[in-house]
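Just below is one structure, and these are the notes that go with it.
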Amino acid sequence: MGRESSITRIVGPENYAKLQQFKCLIVGAGGIGSELLKDCILMGFGEIHIVDLDTIDLSNLNRQFLFRQKDIKQPKSTTAVKAVQHFSNSKLVPYQGNVMDTNQFPLHWFDQFDIFLNGLDNLAARRYVNKISQFLKKPLIESGTSGFDGYIQPILPGNTECFDCTKKETPKTFPVCTIRSTPSQPIHCIVWAKNFLFNQLFTSDQSSTTGDSDGNDWGTDDKEEIERIKQETNELHDLQQIVHHQDKVHITDILKKLFVKDIEKLLQLDNLWKSRAKPTPLTDDLIDSAKDGHDSTDLNAIWSLEEQISQFINVTEKLMDRIVEEDYNIEFDKDDQDTLVFVATAANIRSHIFGIPIKTVFDIKQIAGNIIPAIATTNAIVAGLSTLTALRLLNFLPYAKTNSGLDVNMAFTARASNLSKDRYLSNPKLAPPNCNCAVCAKVARGVVKITEKGLEKLTLSQLIDLLKKKYNYPSETSLIDTSDQRLLVDFDFEDLLDRTLSQAKLHDGSVILFSDEEGDESEMYRKPLEIYLDVVEESAINSEIELPALEIPLFTPPKQEEEDEGKETSTEESPEKEEDKNGIVILDEDEGKDEKDGTTTKRPRSPDQTENDSKRAKTSKNHNDENGVIELD
Amino acid sequence: MEPSQATAERLTRDEIDLYDRQIRLWGMAAQARMRSAKVLLIGLGSLGTEICKNVVLCGLGHLTILDDTVVQEEDLGSQFFIGSEDVGSLKLESAKARIQDLNPRVHLSFDTQSIESKDADFYKGFDLVIGTELNTSQMVKLNELTRKYNIPIYLAGSNGLFAYIFVDLIQFDAEDEKLKGSQPTEKGQISTNTEVTEVKTRTDEDDDKKVFEVINTRHHYKSFQQMIKTASLEGRLNRRQIKRLSSAVPLTLALLRAEHEIGQLNFLTLKEKAVETCRQLGVPETVLNDTYVEQFTKQEGVQFAPVSAIVGGAIAQDVINILGKRQPPLSNFIVFDGITLDMPIFEF
């Protein structure tokens, strides 16, 4: 009996022959990806491609079983493929790269695969692959783990829920005043130390933090407090000078400013302390006496206040030495111990002042570095479920025919996640697409093939005419570049109409949204059409551009009021939503104009608010105070 | 995080860095306890391979693998410590360098003798035994020995898309934490084999609104033989649960109860056994789906990589939990249905 004897007894010889012709794409060669690769090889997939951007790190080795100590710093994808050679009978193709890079991975590259298996660790890439699967109408198995918890979600475009049909958790953000004036948990002090203090002292780009505009949500209306915060920010520039001039004698001045004077000023704002415990500032004497104190080196022990102060001074000296060599810019990195100890000691001293528990450096590393625990077993279970389900989605199980995606089960680790005592896994059947989903239900999707020449020649107005004619859109429409939510054309913005697509900065991989802005007599609108521009060789199509055959349905848009009640399931917090029950605020970004391009950035009525919001969240980490929100990335 | 001082042997800085992502989950103390544990794994088939990979990666102290088989061509379709050049060689000889390479810190022993050649004394020194892909009489005998020396045991096997886990920890005390709900947990028997012995509360150090219940439970286990003889669901399932019960449950038990060689049973004889098993379980014969009977006939004893990954992952996780004394252990019979991904846990 050959190596195929097990699998043929399960799928039958015909299906096994088909499987050997199948190509699958594994996105990610980390914890889940390593396991997926092994399972796909053993199951007998003919060809397996695997993509990963990352290189191997020591902390991967507890679960990413294809990597060894000697592989540290090597690319994950190529190392993984080398490590499986002795048991592989499949054709394997590794790529080191970002799956979202349209130059390396254009749409037609994705089109060669029969199924996509995700082993990703971030929302942006998950959303991206989900969208690709929707554009190409190819099955995707999405999965993820966090500690003991894991899940898989098979996605059959048009048939089952897509990744974005359900709301996803957004990164945690905090109002400015909680971080700057009234911390009550260790995480508030860690965010202060990392995102505010560390950046102010050691990172070169400070411009954003000075422009505290009045349009911000501060989490408070107290003018006095806002003034204090702004003044404090300005005063920190003096401290940065101490750092830049390597003025080591005056490190204690930094401590005295942060932990004595600033706290004393805070105490003068009586309003803040009516319903809160008052902070207790350090004293100059304490700081002076602790400075030559004994250092603890055990990163897993709780250090005394004196040890924190003494370590703060030591590590600041080290960072002062480094900052000149490193071009006046040091970025926080959880694996850079100097930056970690600086943040940990500063956070702990602040915690002490506010009566908040002190943490070990080990624990602070997890919070500041946003480390998610990860273990071999959960990854193995999730990857096993994912590959097993691939067989069902591809209809390879002769005793369990899949007539619709709705016959297939998703799965999550119910017992490990304390959701059930009598089931190890929960296995709900897949749901149909959520009719409010901005990604799979509210828009129609199509791939427009265009040549390089077409991009150079065709104007936006010509493109719009082609689209109107082909899909019966009315005369008033709009066009948006969804990658940056840039308005290209609408009824009162026609400046770009005569520009060619390439002049309008559209290129291979651009995703544009074409919307009906008029409606017909009965208030029915054509569904918005999201178009992927796939640049192809001239020989691939008959003319310069080829539009896909699509029926774009009509729909009645919901009344404005209903939308405002939050019925629209934007997959992230709607930016209009001022504050949720956790008191976490996400702010709207000011409308902005880019004069140079002559384009206007408008917050679109696009169904694709999700990408926009995550971008917004991303930019906010660089402009903490400007947006009034501090995010822990 | 538990204070590391609580353990006699402290972890080194290198170990903390290597095991960082799991220490953040189960703590230093549990990691140190795992390092001092001695485990016996019987059978390096597909399931054994998965279990081995998981426990070696996470830093178990000592692992002994017992397997006397020679690599067959068909093993290549479900196992990854061997390659085509190993066909015809002793499997452990072929696999051992690759296993050690996974984690040089783990003390490994390889034993190529048969399970039959092992006397009772062989088992004495182990903290835990895992038996994979054994037949019923081997499992009964092995379990008698582990009971004699009070050693916890996990037994597991697979039939193609379907698999089972049996757990006998004899008696096991566990501690678990959960967020306090509106209904406080009470002491006393909570299920067939489990009683709550103590309930304390703990307030979160960062957020005093978060209150946890610390629940101590005592788990009583049956031997493998007793379990297959007495397993019953009589009066424990409502109509909906019976309807949902996977055919894989009576079929798996039927194969374990039958005295037979693999491949001896045909559709009719297996179905007959499964009907008997339904009677013992106290569930109607209608739970038996003929396509499942057919699949079990065809797939009896077949090892399949993704199924092994799931079941091997579940066993390794539970082994890690009990060695590290985290979370209550599995109790005591689990069946996996690879079509629906259903994986119910039964206290038999």
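Using N, Cα and C of the backbone, Cβ positions are placed for all residues, glycine too.
Here's what TrEMBL has on this protein:
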ACT_SITE  A:CYS177  active site, glycyl thioester intermediate
BINDING   A:28-33, A:ASP52, A:60-63, A:LYS76, A:121-126  ATP binding site
BINDING   A:CYS162, A:CYS165, A:CYS437, A:CYS440  Zn(2+) binding site
COMPBIAS  A:561-577  compositional bias 'Acidic residues'
COMPBIAS  A:593-626  compositional bias 'Basic and acidic residues'
REGION    A:552-633  region 'Disordered'
Assigned element (helix, strand, coil) containing A:GLY28 (ATP binding site), judged by DSSP:
coil
Residue among the recorded positions A:ALA124, A:CYS162, A:CYS165, A:CYS177, A:CYS437 whose Cβ has the most other Cβ atoms within 10 Å:
A:CYS162
Given the binding-site residues A:GLY31, A:ASP52, A:CYS165, state which is nearest to the residue listed as 'active site, glycyl thioester intermediate' when distance is taken between Cα atoms.
A:CYS165
Which state, by DSSP, holds the residue listed as 'active site, glycyl thioester intermediate': helix, strand or coil?
helix
Is A:CYS162 (Zn(2+) binding site) helix, strand or coil when read with DSSP?
coil
Residues from A:ASN62, A:ASP121, A:CYS165 facing chain B - binding-site residues, CB under 8 A:
A:ASN62
Once A:CYS162, A:CYS165, A:CYS437, A:CYS440 are set aside, which residues in the chain still have Cβ within 8 Å of the Cβ centroid of the Zn(2+) site?
A:GLN134, A:GLU161, A:PHE163, A:ASP164, A:PRO433, A:ASN434, A:ALA438, A:VAL439, A:ALA441
Comparing the binding-site residues A:ASP52, A:ASP121, which residue's C-beta has the most other C-beta atoms within 10 angstroms in this structure?
A:ASP52
Near A:GLY28 (ATP binding site), which residues of its chain come within a Cβ-Cβ distance under 8 Å, counting only those 6 or more away in sequence?
A:VAL51, A:ASP52, A:ASN118, A:GLY119, A:LEU120, A:ASP121, A:ALA125
I want to check the contact list for A:ASN62 (ATP binding site): same chain, sequence separation of six or more, C-beta distance under 8 angstroms. What comes out?
A:ALA374, A:ILE375, A:ALA376
Among all protein chains shown, how many Cβ atoms are found within 10 Å of the Cβ of A:GLY31 (ATP binding site), not counting that one?
26
